[in-house]
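Visitor: In case it's useful when we look at the structure, here is the feature table from TrEMBL:
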ACT_SITE  H146  active site, proton acceptor
BINDING   H146, E177, H209  Co(2+) binding site
Amino acid sequence: MLNKKAILVVSFGTSHLDTLDKNIKAIEDSIQHAFPDCKIYRAFTSKVIIKKLKSVYNLSVDTVSKALEQIIADDIKELIVQPTHMIHGIENDNMIRDINQAKDHFTSIKLGKPLLSDATDYIKTVHIISKYYNPSKTEALVLMGHGTAHYANATYPALDYTFKQQGFSNIFVGTVEGYPELDDVISLVQNEKLSKIILLPFMLVAGDHAQNDMAGSKEDSWKSRFLKEGYKVETIIKGLGEMKEIRDIYIEHIKDATNYL
C-alpha cells in the first residue's frame, strides 16, 4: 500500500440507514474529497448500534479499537482521528482511551476536535443554523440536543447563550438527557409572545431521539408537550450533517488537528 496516511472518522452511529447516508456518510465523503491522499476509515462508538446494524441489515461497522486494528494491519503510520461528536463528552473520552492503547503502532497521530470546541465554532454554528432555519417574530426555533452527565454538558447552555448574544433571541437550546431540560425551555419560551414552535434536532443524525423523543406522538415527546401548551408545532427531521457548512467545520478541525503522538 503506497498511501501510509489515513483519517479515522469516529461517530456515535445510527441504525437508521437513510440518516446515516445523509449525515455520517456525507461527512466522510466530504472529508475524502478534501483529503484525497488519505484513506478514510469509519468507526462507531455505540456497540448497541453496531450490533443492530449487523443483525438487521448485515452491515458491519467497526468499533474504534477494531478500526485501529485494521488500520495497523494496513500498515498505516500517520493517522488523523476526527470525531463527528457535538461535544467533548463521554464518547470522545472513550475514543481517546482506545487511541491510547494503540498509539505505539504509529509514527504520528493527530486528533481533530468535536463540532463545538471553541468560541469560533459556537458562532459559526449559530449562524449556519440561523441561515437555514430563521424563525419569524412569532415563532421559536427549539433545538433538541442529546445532553450528558459529563461536565461537557455545559456546551449546551453556552450555545443557547451564543444564539442570544448573536441576536437570535427566539432560538432556544434544550437537551434530552442533560441541562437545559425541556421544562426549562418551555418556561423561557412562555416569557415571549410566540405562537409557533419549530423543533429541530441538534444532533449529527436524525435518529431515534429526533423521530421519537422530539417528533413522536407519545404524550411526553417535545412535540406533544408544546402542543399541550397551546403552540402550533412544526418538526424538522434532519441531522446537522446535512448542512455543508457544518461538514466544513469538521474539515477545518482536521486541518487544525493537533499532534497527539
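Placement of Cβ uses the backbone N, Cα and C atoms for every residue, glycine included.
Predicted automatically and left uncurated, TrEMBL annotations should be read as such.
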Visitor: Tell me, how many other CB atoms lie within 10 A of the CB of the residue listed as 'active site, proton acceptor', whichever protein chain they belong to?
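Guide: Looking across every protein chain shown, the total is 22.
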Visitor: Could you state the CA-to-CA distance between H146 (active site, proton acceptor) and E177 (Co(2+) binding site) to the nearest Å?
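Guide: H146 (active site, proton acceptor) to E177 (Co(2+) binding site), Cα-Cα distance: 6 Å.
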Visitor: Write out the long-range same-chain contacts of E177 (Co(2+) binding site), meaning residues 6 or more apart in sequence whose Cβ is under 8 Å from its Cβ.
Guide: H146, G147, T148, A149
Visitor: Tell me the coarse DSSP state (helix, strand, coil) of H209 (Co(2+) binding site).
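Guide: SS state of H209 (Co(2+) binding site) = helix.
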Visitor: Give the number of CB atoms, excluding that of H209 (Co(2+) binding site) itself, located within 10 Å of its CB.
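Guide: Cβ-Cβ neighbours of H209 (Co(2+) binding site) within 10 Å number 22.
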